[in-house]
Structure formats: structure tokens, C-alpha cells
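Summarising the annotation, TrEMBL assigns domain 'Peptidase M48' to 192-435. Feature annotation from TrEMBL assigns transmembrane segment to 114-140, 146-166, 267-287, 302-324, 467-494, 500-519, 639-659.
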Amino acid sequence: MSLKDGLKALQQHRYSEAIELLEAYCQTVSNPHSQEYAQVQMALARAYHGNGEKDKAIALCQELERHLDSQISNWAKGFLSTLNKAEAPKPLQKAGRAAQTGVRLVMKGFADNLALVSIATICLLFGMVLVLCLVILFILNSNDPLGGLAVAIIITLIFNAAAFFISPWIMDLTQQWFYQTHWVPLAEIERRSPEAAEIIKRVCREKNISLPRLGIIDDQNPTAFTYGSFPDSARLVVSQGLFTYLDDDEVATVYAHELGHIVHWDFAIMTVASTLVQISYLIYTFARNFSRGSNDNKIKNAIQVAAITAYIFYLVGTYLILYLSRTREYYADHFAAETTGNPNGLSRALVKIAYGILEQGQHTQEPSKLIEGTRAIGIYDSKAAIATGTAYRIASDSQQIGRVFLWDMFNPWGWWMEMNSTHPLTGKRIRALTTYAEQMGLETEFDMAAVVREGKKLNKNKLYGNLVLDILLFNAQWVSAIAGFIVGLLVALISNNASVLPSFSFFGFGIGTLINAFAMYPDFGRVSQTDIFTLMCDPYASPLRGRPVQLQGKLIGRADAGYQFGSDLRLQDKMGTIYTRYASRFGSLGNFLFGVTQVQKLIGSEVQAVGWFRREIIPRIDLVQLKTNRTTVRSYPRFWLLVMGIGAILFGFIVPMLLQADLF
């Protein structure tokens with residue numbers, strides 16, 4: 001019997017046999033300080049854990065924590081944190097996988113055609129940048145419009161070409177500086193996940209593409225992402241946490257998902273599209289700054305119009321990219337399901353990644369910079385991990401986990417919030433993967449049919465009855481500002497007095513802000529004692545009409561990644577974790593001072609939190625009161641909305657006088 005036999009037994013979950021083989025091998029190693037010996041001990045710790053011998057696994061990890069190799073000691077710390085969980089989730093009963101790979105699966109109804117979406121997005125963004133360059137150059141060189149057109153086209157092409165070729169190298173530097181990415185050979189991936197290595201080799205061979213540059217980041221937060229300009233020069237990076245929280249077959253589906261981005265070229269399309277949107281923003285800032293320094297009123301007014309147009313293009317472009325990003329995730333999931341024949345494995349992987357992100361966040365006072373920095377290109381939106389990770393943490397069966405997907409699939413606010421997200425909502429992704437499993441004739445990992453049946457029983461009037469009104473109230477300040485502008489324009493035309501136009505705009509904004517404040521923060525009524533999991537399972541939850549709640553839990557850290565003076569906190573109870581938002585009566589300055597002087601003292605304290613629960617992509621509690629056994633902290637989320645609304649109305653009365661005094 002050899003080391004290879006022991007590792008194979010571990011991969012096949014024959015834990016007792018793996019322990020016997022690995023322990024025997026350890027006795028034959030002459031140098032207990034060697035890298036190989038440490039790797040065997042890491043495998044042995046996993047085998048102990050899988051066999052239910054938790055004490056032995058903990059003792060071995062504590063020994064590995066003192067290893068001189070930082071990568072090994074960090075692995076031990078991360079695995080030890082998992083072992084020390086008081087209520088670790090029971091492993092999901094694995095649903096099966098197809099015996100055959102490469103099966104054609106129908107994905108109709110889940111996403112639009114990726115090629116059409118990509119072409120349309122690039123053409124629209126290219127056209128926007130071209131128009132903006134043309135407008136700017138035409139204004140600055142109006143005597144030669146044809147020359148301006150030629151220069152605009154050339155500049156646009158140069159911008160795009162430079163962005164396409166240079167951005168991956170910039171990303172490489174970012175990887176090295178911020179995340180200390182280790183570039184590894186395929187053999188290293190094969191050692192950690194044999195099936196993943198096999199998938200990489202097979203896809204590259206069948207699709208006739210070069211092996212991507214493979215990276216591993218020494219971070220226990222599970223994630224994976226791909227970037228580059230061409231399939232033959234792509235980079236595929238994963239974190240150490242992926243191998244910690246996922247089984248071999250699940251890791252393989254994640255690699256297949258990322259390879260799907262390479263095969264579809266969508267990672268390159270995203271590189272170009274993101275750059276084009278940034279160019280629109282740069283043109284906006286250039287035009288805005290240039291207009292301020294121009295003495296020619298005609299040119300100044302024209303450039304101001306160009307700046308506004310550039311900003312509108314920037315906003316439109318941002319939503320186009322978000323839509324493209326969501327579409328490409330569906331296609332990468334589809335590719336992984338076809339390539340591995342294991343859509344259930346990817347479903348489990350997504351849920352475990354959410355759990356891993358949530359789990360790691362509970363052991364640090366600040367969120368991971370890796371997870372925050374790669375949110376847009378990662379396999380999973382870290383901000384959406386709270387609900388799914390909470391469900392997996394406490395649920396012993398997949399049906400309980402499915403309850404949190406009701407909001408994703410049936411609440412209309414889910415669709416509205418998803419428009420601002422780079423990834424589809426988790427419930428929708430798992431529903432698509434479940435459909436692929438059904439097409440293969442497999443048992444499904446999650447009973448999404450039961451979720452759909454329960455969703456159809458929801459009160460449709462409660463979900464949709466006031467939706468239009470609620471959306472208007474949610475955006476009341478901007479809706480009222482536009483309405484005020486229109487009314488002001490009519491009054492200005494009738495009275496031939498342009499000075500009333502800004503006044504009515506400020507009146508509208510102020511009134512809308514007051515309406516929004518009272519809609520989102522009504523007088524606090526009866527407060528219900530609840531827990532985080534129950535809140536996550538509420539299919540009627542809304543970002544507008546908050547639910548007054550009281551939670552008992554522990555403050556475990558700040559919510560703002562990389563900001564050591566942040567005032568928003570993470571609250572953990574026995575069921576999960578949620579963000580809490582603090583609002584001082586003294587505005588941003590008060591929030592900053594609270595973050596500097598009080599937050600560190602509160603972290604680690606048992607608290608009673610009272611506030612409004614709101615469900616968005618990132619569920620949160622808008623605090624009213626935070627009470628410990630030593631002190632009580634009060635929060636005023638409505639206060640500054642009232643100040644802003646009243647201030648805007650008062651300023652609306654002052655604007656005409658300022659205009660007459662020529663102060664603007």
C-alpha cells in the first residue's frame with residue numbers, strides 16, 4: 001500500500017481505510033519536518049474529520065498551526081475554524097450524477113442568447129464612446145467635422161485595443177500585490193482535486209485551447225474567477241478555501257464553470273465592455289472639468305450637454321454590463337453541467353461557497369479584501385451569501401435550504417434588486433441547475449419543485465398589489481425631483497421666468513425625500529422577537545417596508561471591507577449572520593466618530609438589536625437601538641432624511657434670490 005492509495009481512499013470517502021494507510025505511511029517518513037510529511041498530515045486531518053474523529057483532527061491541526069510554512073499553518077487555521085464550529089452543518093445527502101459527460105442540455109427560458117447579448121452590448125457601448133468622442137472633438141474643432149469624425153474613430157479604436165491587451169497584465173499585478181497569488185502547474189491542481197485536473201485537460205483538448213495559467217490564492221474564503229484577453233492566454237484563479245469547503249467533484253464543477261467563461265470568450269467581452277464604460281465616465285469627468293474653465297459660453301453650454309450625455313451613457317452602460325454579466329453566469333453554469341454531467345455538484349458547490357464565505361467572515365473583524373475585490377468576476381456574489389450560507393449552516397436537509405430561495409424566485413423585489421447585481425440570484429441559478437439534472441434523469445439535490453409549489457401558494461396580492469406604488473415610494477426623491485423639474489419648466493415657459501426652474505426641482509426633491517423617509521421609517525410599533533434564519537425565509541420581505549424586529553446575538557466585526565473606522569456591524573445569532581446599519585444624528589461625521597471611538601469596544605459583545613429588517617441583495621437591519629449589558633447605543637436612520645428633505649425645500653425658496661444676485 002502507498003501514499004497514492006491512501007489519498008485515493010480519502011477522495012472516495014473511504015475514511016477508515018484512508019486513516020489506516022496514511023498513518024502507516026507517516027511511520028515510514030524519515031524526515032517529519034519535510035513538506036511531504038506535512039501534506040500527508042493535512043490529508044490525515046481531513047480523513048479524521050470525515051470519519052467523525054473530531055478530537056484527533058483538531059489535535060493534528062493544532063500541531064500543523066505551528067508549521068514554519070505559512071501556507072500549511074494558514075490551512076490548519078482555516079480547517080481548525082471549521083472543526084471548532086459548535087453547530088457545524090451536516091453534509092448534504094449527495095444526489096447522483098450522470099454516467100455520461102458532454103450531454104446536450106436545453107437552457108431555454110433561463111437566459112437570453114449569450115452571443116446576441118455580447119454583440120449587442122459591445123456595439124452599443126462602442127457606439128456610445130464613439131458618439132461622445134465625436135461630440136467632444138466636434139465642439140473643440142467645429143471647423144473640420146470630418147476630421148473630427150476620423151480622429152474620434154481612431155481614438156476609440158486605440159482605447160479599445162489598449163484596454164483589451166493591457167488590462168490582463170494590470171490584473172496580474174493586482175493579483176500579485178494584493179492577494180499574493182501563487183501560479184502553479186496542473187500537477188498541483190491534480191494533487192488537490194484529481195477530477196478538476198481531468199476536467200481542465202479534457203476541456204482544453206476538446207475545445208483546442210491552451211492550458212490556462214492556473215493560480216491559487218492563500219485565502220480560506222472560497223472563490224474562483226477568470227480573466228484575460230484571449231482563451232489561449234486566460235488566467236484561472238481559485239482560493240485555498242475552495243479545496244477546504246468543497247469535495248473533489250464539486251471543485252471540478254467550479255473549474256468547469258470557469259472554463260466555460262474561457263470557451264465562450266465572455267471573460268474577454270467583459271474586459272472590453274468594462275473598459276468602454278470607464279471611458280464614458282472619463283469623458284464625463286473631462287467634459288465637466290473643461291466646461292468649468294471655458295470662457296466661451298456657447299462652447300461651455302455645449303460641453304455641459306456632452307457631459308450630461310456621457311454620464312447617461314455611463315449609467316446605461318453599467319446596466320448593460322450587469323445584464324451581460326448575469327447572462328454569462330447562466331451559460332457558464334450550463335457549460336459546467338454539460339461538461340461534468342454533474343449539475344447537482346455545482347448546486348452543492350454554490351451553497352457551500354456561500355457557507356464558506358459566511359463561515360470565514362465570522363472569524364475576522366473585517367470582511368475579506370479578496371472577496372470584496374473580486375466580487376464582480378467571482379463565481380458567486382459574496383453579498384448574496386448571507387441568506388444561503390445561513391440556511392446551509394443550520395439546515396440538515398435540502399428542503400429547508402430551499403425555503404430561502406422563495407424570495408429569489410417569487411418576490412418581485414428580487415427581480416428589481418437583481419438589476420443592480422453582477423450575478424443571478426442564487427435561487428434562480430439552482431433552479432436552472434435542477435432542471436438540467438431532471439433532463440439527465442437524475443434525482444435533484446434541491447427539491448425546487450416543492451419550492452415552486454410553495455411559491456404558487458403565496459399571496460399574490462401581498463406580493464404585487466402595491467408594487468408600483470412601492471417602487472415609486474422607494475425612489476420618491478428622484479421621481480419627485482423629475483416631476484418638480486417638469487412643473488418648473490412649464491411654469492418657466494408660462495411666466496417667462498427661468499429662475500423658477502431650479503426652485504421647483506428642489507421642492508420636488510425635498511418633498512420626495514420626506515415621503516421616502518416616512519414610508520421607510522414609520523413610527524415604530526410592536527417589535528417581534530425573531531432570528532436571522534426566519535427573516536431570510538420571509539418571501540414577502542421588502543427593501544421599502546421594513547419589518548420591526550428584535551434580535552439577540554453577538555457583534556462579530558465591521559461590515560465594511562478594509563475600512564477600519566466603519567460604523568456598520570455584523571451581528572451573529574444562533575441561526576446566522578446579518579449586517580446592521582448605524583446612523584448618527586450628526587451624519588457622516590457622527591458615523592465616523594462612532595466607528596473610531598465605540599465600535600471596537602462593542603465587537604465581541606452580546607447585544608440586543610432593535611430595528612427594521614430589509615431584504616435586498618444584502619439583507620440588513622437598520623438599527624434603532626443596540627443594547628449591551630453596559631451601554632445602549634441609539635441610531636437615527638430617519639433623522640438625516642428629514643433634514644435633507646426640509647433643507648432642499650428651504651433651498652428651493654433661496655435659489656431665485658441667489659440667481660438674481662448672480663451668485664451662481
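Using N, Cα and C of the backbone, Cβ positions are placed for all residues, glycine too.
Just so you know, TrEMBL annotations never went through curation; they're auto-generated.
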| field | Residues of the parent chain within Cβ reach of the transmembrane segment (500-519), under 8 Å, 6 or more residues beyond its termini | value | 473-485, 487-489, 491-492, 544-545, 638, 641-642, 644-653, 655-656, 659
| said: Should anything in the same chain at least six residues away from the transmembrane segment (467-494) have a Cβ under 8 Å from its Cβ atoms, list it; otherwise answer none. | reply: 412, 416, 500-509, 511-513, 515-516, 519-520, 542-545, 645
| Per-residue pLDDT averaged over the domain 'Peptidase M48' (192-435), given as an integer | 82
